[in-house]
Every structure is written in C-alpha cells, then in structure tokens.
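Engineer: Residues annotated as domain 'ABC transporter' in TrEMBL: 12-134. As annotated by TrEMBL, domain 'ABC-2 type transporter transmembrane' applies to 201-413. Sequence annotations record features per position, and here TrEMBL assigns transmembrane segment to 219-240, 255-276, 297-323, 329-356, 363-382, 454-472.
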Amino acid sequence: MCVFICTFHYKGSGKTTLLDAISGRIGNQGTLLGEVFVNGRKLKQEQYQDCFSYVLQSDNLLSYLTVEETLTYTAQLALRKHSAEAIKKKVSAVMAELSLSHVAHSVIGGQVFPGISGGERRRVSIASQLLQDPIDFTSVDTRSSEREAATFTRMHEITSAYQRSTIYQSMLEKMEQSLQRSDKPAIPFKSKESPSGAAKLGVLLRRTARNLSRDRMGVLMRLSQNLIYGLFVAFFVIHLDLDVTKGAVQDRIGIIYQSIGASPYTGMLNAVALFPALRAISDQESQDGLYTKWQMFLAYIFHILPLSILSVFIFTSFLYWTVGMHPEGLRFLCFTAVVLVPHVIGELLTVVLLGVVQDPNMVNTGVALLNIAGIVVGSGFLRGTQQMPQVFQWLSYLTFQKYSCELLIVTEFYDLQFTCNNSTSLPGACVVTHGNQIIEEGYPGALSRYTLDFVLLYAFLPALLLLGIISFKIRDKVVRH
C-alpha cells in the first residue's frame with residue numbers, strides 16, 4: 001500500500017491539481033512536468049488513470065438508489081471476471097470497512113427528500129473508489145469540524161516528525177537505490193478486466209431505470225404532462241365540426257399545430273430536469289475509467305423511450321377520440337406514431353446539446369428557438385412552403401416539422417367530406433368541400449410522399465443518436481474535471 005500525504009492546505013495551493021495530475025484527470029489541459037515512479041518503475045502519463053484513484057470533493061450520487069445498489073452498480077461497471085456472488089461479497093466487505101452496513105438499504109437522498117447523512121455520503125464516494133482496488137490515500141476527516149481539526153493536526157505532526165527522522169533519510173536512499181535496480185517489481189495496476197461495452201451499457205440502463213423509477217412523482221408527471229396539455233386543447237376545442245363555416249378546417253389545423261409544436265417542449269423539460277445530475281455522475285465515473293460518457297447518454301435515451309411512448313399514447317388516445325378526429329383506428333395509430341417523434345426529438349436534442357453546453361438554461365433556450373424556427377420554416381402553417389423564398393424551402397427539408405405536419409394533414413384530411421351552411425353571408429365560405437383540397441393546395445404531392453415522409457421523420461432519431469455519441473465523445477476530450 002502506498003500512502004500519499006498532502007501537507008499543503010491553503011486554498012488555491014494546487015492540491016486538487018496535483019491529485020488530478022497523478023490520477024490521470026488532467027488530460028490535454030496544460031503541460032505536465034515531472035515523473036512518477038511506482039516500485040521503482042516509471043509510469044507513462046497514459047497509465048496514471050490505470051493505477052491511481054482519489055475521492056473528489058463533491059459527492060455525485062444518484063438520489064433514489066440505496067447505498068448497496070450504488071456500490072453494486074459501480075462494482076459491476078468496474079469488474080468483469082467477478083461472479084454476482086463475488087461482487088456481493090466485495091460490496092459487503094467495503095461497506096463493513098467504512099461502517100456503511102447499517103445503511104446498506106437506505107436511499108442516498110438529495111435536496112428534495114432526506115436520505116443518509118453527509119458523512120455517510122462521503123464514505124459511499126470513498127467506497128466507490130475502493131471497489132476499484134487503487135494504490136490508498138490518507139486524507140483529513142471532514143465529517144465534522146472537530147474531526148477535521150484533530151485529524152489535520154495529527155497528520156501534520158506525523159508528517160513533520162517523519163520528515164525529521166533518520167527513517168525518512170534512509171527511505172530516500174532506498175528509493176534512489178530502487179531506481180537503479182534491474183529486477184524491479186511489477187506495477188500494481190487496477191484490474192483491467194472490466195466488462196464489455198454492451199455489458200456496461202446494460203448496467204447503466206438498469207441503474208438509471210431503477211433510480212428514476214423510484215421518483216414516483218417524476219414518473220407520474222412524465223406520463224401525465226402531455227395528457228394535461230391535451231385537456232386544455234380538448235376543453236378549448238370541445239368537439240370538431242364538419243361544417244366549414246363552423247371552423248372545421250381551422251380547428252383541425254390548430255390541433256395538428258399544437259400536437260407538433262408543443263410536444264417537443266415536454267421532452268425538453270424532462271431532459272433539463274433529469275439529465276444534468278446524470279451528466280455530473282458520468283463526468284466523474286468516466287474519469288475513473290468505468291465507462292465512457294456516451295454510454296450514459298445511450299442508457300438515458302433507451303430508458304426514456306418506453307415512458308415517452310406511453311406518455312404520447314395516453315395523450316393521443318384522449319385528444320384524438322375526445323375532440324372527434326377522423327374515426328379510424330389505423331389513422332389514430334398513424335397520428336400517435338407521428339406525434340411521438342417530435343416529443344422524443346425534443347428530449348433527445350436537449351440531451352445532445354447538454355453534452356457540449358454546460359448551462360442547462362442555455363440549452364433550454366436553444367432548443368426552444370430551434371423548435372420555433374422549425375415550425376415557422378417547415379410546417380407550412382404560417383406561410384405555404386411554395387410561397388416561401390427558395391432558401392427557406394431548402395431549409396424546410398432539414399426540419400422534422402415539415403414531415404410530421406405533412407403526415408398529420410394527410411392522416412386527418414384525406415377523404416374527409418365537409419358540409420357547409422349556405423345561409424352564411426361570408427364570401428367564399430363554402431369553397432372547401434373535401435379534405436383532399438386542403439392537402440393538394442397546401443401540401444402538393446403529400447399523398448404520394450406519405451411513406452417517404454414517415455421514413456424521413458423517423459430518420460431523425462438515429463441521426464440524433466449518432467450526433468449525441470459524437471457530442472459526448474467531444475465532452476470526453478473537453479471536460480476533464
């Protein structure tokens with residue numbers, strides 16, 4: 001065991017920078033000078049992370065997991081050739097060593113609800129590092145001001161006495177001799193037998209799902225937020241009419257606009273509320289070599305897909321049949337399949353941007369502006385696509401709103417027969433008598449592009465997934481601590 005004692009303690013004196021340097025967290029930032037030797041063998045800079053670990057000043061832990069679950073998932077991410085029973089024993093041993101056994105089944109807790117104490121949270125963070133079998137570091141006990149003062153004073157006295165002793169001088173001589181030895185002992189690296197990428201992704205997915213599923217209020221809000229919005233729309237429209245003089249066309253276009261325009265916002269709000277905490281944890285654990293940041297990104301996206309599908313299905317089931325849209329089961333399923341994509345894109349795009357933009361508020365604003373721009377350019381509601389300048393016509397092909405709006409217009413208006421109250425004095429009120437007129441005049445050729453529009457709309461999802469992987473690979477290079 002190698003004990004590293006840091007004797008300087010002033011703010012800004014470089015304690016964290018030094019620990020970042022020797023544990024391989026510096027990355028490409030700055031210039032690292034000096035050499036590190038272990039057992040007389042010189043370590044390459046890229047090997048530092050494989051040999052050293054230290055506990056960060058902040059505790060980034062998932063609030064809804066228990067202590068035992070937190071440590072078990074960390075062990076599963078770090079250790080490959082360990083059976084479930086071996087991992088369980090290792091976790092139990094670490095909890096016993098750090099006096100955490102009595103809170104093994106207690107949740108970590110957070111700002112919203114209480115959990116374990118601050119000192120216990122600190123020990124969970126330490127336990128997460130010990131599970132990876134690193135060369136141990138001595139630190140000041142900060143669980144209370146009294147302990148901090150006592151342990152700091154004791155540590156200072158020990159180090160001062162040691163540096164004055166003949167043993168210290170003898171050790172310096174032995175270190176110098178070890179550098180000259182030809183038969184140097186091997187460097188005790190951390191275990192490199194970590195799980196495969198797919199196995200790590202599975203662990204992250206299970207951990208994320210278990211943590212977020214215990215936030216019952218959060219799950220309830222995710223499932224009901226679209227429905228709540230649907231209640232407002234349905235209450236405002238009440239029931240669709242077939243009489244064009246009573247808003248038969250305008251009301252249907254309004255519902256399509258609201259379904260496409262609003263659903264990305266609910267996805268965006270979910271991501272801004274939930275993902276930054278996971279991002280902070282992935283920043284820390286990826287620096288420990290447990291996984292890469294894009295794997296956490298994929299785990300989050302795969303986790304939210306079933307909830308998103310269910311949330312949108314609840315919304316469309318209520319809105320579609322309550323207001324009286326085209327009463328065909330197949331059209332309803334197409335309507336649901338189309339509305340699902342903008343909702344998922346809103347959350348997916350937000351998470352992608354959170355990979356390269358640190359401030360969630362900036363991401364929030366950016367996604368909102370992109371959604372507004374997409375509606376204006378791509379939907380054809382503000383101005384017909386054919387009447388827009390050529391450059392905006394080209395840009396419309398890059399918006400998911402173009403394809404989703406075309407699909408919903410065809411889904412609702414195709415073969416829909418309108419009536420007209422001829423007693424109205426409004427000129428031209430009865431010009432529109434058939435839904436196909438709306439399609440051909442507003443979206444020429446949309447009927448023939450129906451299948452293609454579906455393919456292009458759903459192509460946005462894998463494209464954003466790929467963009468997200470790239471985004472978090474960039475984050476791996478940019479964010480080091």
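Keep in mind that glycine also has a Cβ here, set from the backbone N, Cα and C atoms.
Keep in mind that what you see is a predicted model, and the values were worked out from it rather than measured.
Can you tell me where each of these features sits in the structure?
Structural biologist: Counting same-chain residues at least six beyond the ends of the transmembrane segment (255-276), those with a Cβ under 8 angstroms from any Cβ of the stretch are 212, 218, 222, 225-226, 229, 233, 237, 240, 300, 304, 308, 311-312, 315-316, 319, 323, 325, 335, 338-339, 342-351, 354, 360, 363-364, 367-368, 371, 375, 379, 381, 401, 404-405, 408-409, 412.
Panel annotation: around the transmembrane segment (297-323), residues 201, 204-205, 207-209, 212, 219, 222-227, 229-231, 233-234, 237-240, 255, 259, 263, 266-267, 270, 274-275, 278, 282, 332, 335-336, 339-340, 343-344, 347-348, 351, 355, 465, 468-469, 471-472 of the same chain, lying at least six beyond its termini, place a Cβ under 8 Å from a Cβ of the stretch.
Below 8 angstroms of C-beta separation, residues 226, 259-260, 263-268, 270-272, 275-276, 279, 293, 297, 300-301, 304-305, 308-309, 311-313, 315-317, 320-321, 363-364, 366-367, 370-371, 400-401, 404, 407-408, 411-412, 454, 457-458, 460-461, 464-465, 467-468, 471-472, 474-475, 478 of the same chain, each at least six residues beyond the ends of the transmembrane segment (329-356), sit close to that stretch.
Here the transmembrane segment (454-472) has Cβ contacts under 8 Å with residues 292-294, 296-298, 301, 337-338, 341, 344-345, 348-349, 351-353, 355-356, 400, 403-404, 407 of the same chain, all six or more residues outside its ends.
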Engineer: Take the domain 'ABC transporter' (12-134) and average the pLDDT across it for me.
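Structural biologist: Average per-residue pLDDT within the domain 'ABC transporter' (12-134): 78.
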